[in-house]
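Only one structure is covered here, and it is reproduced in the block below.
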Amino acid sequence: MQEQTITIRQQILEAKGNGQKLLAVLLDPDKILLENVAHLIQKINESPATHIFVGGSIVQNNILEELILILKQKTTLPVVLFPGDPSQISPKADAILFLSLLSGRNPDYLIEYQVQAAPILKRTNLEVISTGYILIESGNETAVARVSKTKPLSRENLDLVLATAQAGQMLGNQLIYLEAGSGAKQPVPLEMIKLISQNIEIPIIVGGGIADLKGIQKAYNAGADLVVIGTAFENNSHFFDL
Ligand code: 1GP
């Protein structure tokens, strides 16, 4: 019998259906040294992480391919690209979050980069997961806002964030990513996660500024299906140790 492979998107959907919460560790190739990767992977393998995201707003060094090769050798966790632009596509990963920056009004991040990326992606076996990406104001200017030249949505304007997430779902996005930005002072407000999760059906990713294990749990309790941890793990590889 032929082995049935289940896609990463299906796994996320099934987890949501079963109430199982997911956790991604984000590795930004610009912020890690290749010589530390073995140790980081060991810590990730010992942690509750279910996914590894790789990417950043700007990736300037060229270790992306090598990083992914090492990850594929040393972990069985799915490696998902979380790219800032089409230069960050590696065919060696398992999947890519195909992002549209729905909170902004910069056409480059709404459609231009996607048009540039499509023919590149067609030449790979990457699973493409369309993701509505919504940047929320978080107390400081984040790299995403700076690089994309867009404004985040106000933390107070829950109606606008909800309408944006709903539009993302109606446009056919398969996931919604509520992002406070890497190293954000304030994570996405819990009442916002709650409202969105109660009013859309697709899984919700939440990331940015989550600094401790309690913060992860709070995001889950509010309705996040998958939480992303980047900076806190970058700063302390023992972050997940009990
Ligand atoms: C950033 O959501 C991710 O795009 C993770 O943010 O680095 O603040 O954990 P942190």
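Including glycine, each Cβ sits where the backbone N, Cα and C put it.
Here TrEMBL flags Asp28, Ser57 as Mg(2+) binding site. The sn-glycerol 1-phosphate binding site annotation in TrEMBL covers Tyr177, Leu178, Glu179, Ala180, Gly181, Ser182, Gly183, Gly208, Gly209, Gly230, Thr231.
For the binding-site residues listed here (Asp28, Glu179), the lowest count of other CB atoms within 10 A around the CB belongs to Asp28. Cβ neighbour density within 10 Å is lowest for Gly183 among the binding-site residues Gly181, Gly183.
Comparing C-alpha positions, Asp28 (Mg(2+) binding site) sits nearest to Thr231 among the binding-site residues Tyr177, Glu179, Gly181, Gly183, Thr231. Cα distances from Ser57 (Mg(2+) binding site) to the binding-site residues Tyr177, Glu179, Gly181, Gly183, Thr231 are smallest for Gly181. Comparing local CB density within 10 A for the binding-site residues Ser57, Tyr177, Thr231, the maximum falls on Tyr177. Glu179 (sn-glycerol 1-phosphate binding site) falls within a strand segment according to DSSP. Checked against ligand 1, the binding-site residues Asp28, Ser57, Tyr177, Thr231 give Thr231 as the ones with a Cβ under 6 Å from it, listed in sequence order. Largest Cα-Cα distance over the residues recorded as binding sn-glycerol 1-phosphate, namely Tyr177, Leu178, Glu179, Ala180, Gly181, Ser182, Gly183, Gly208, Gly209, Gly230, Thr231, equals 17 Å.
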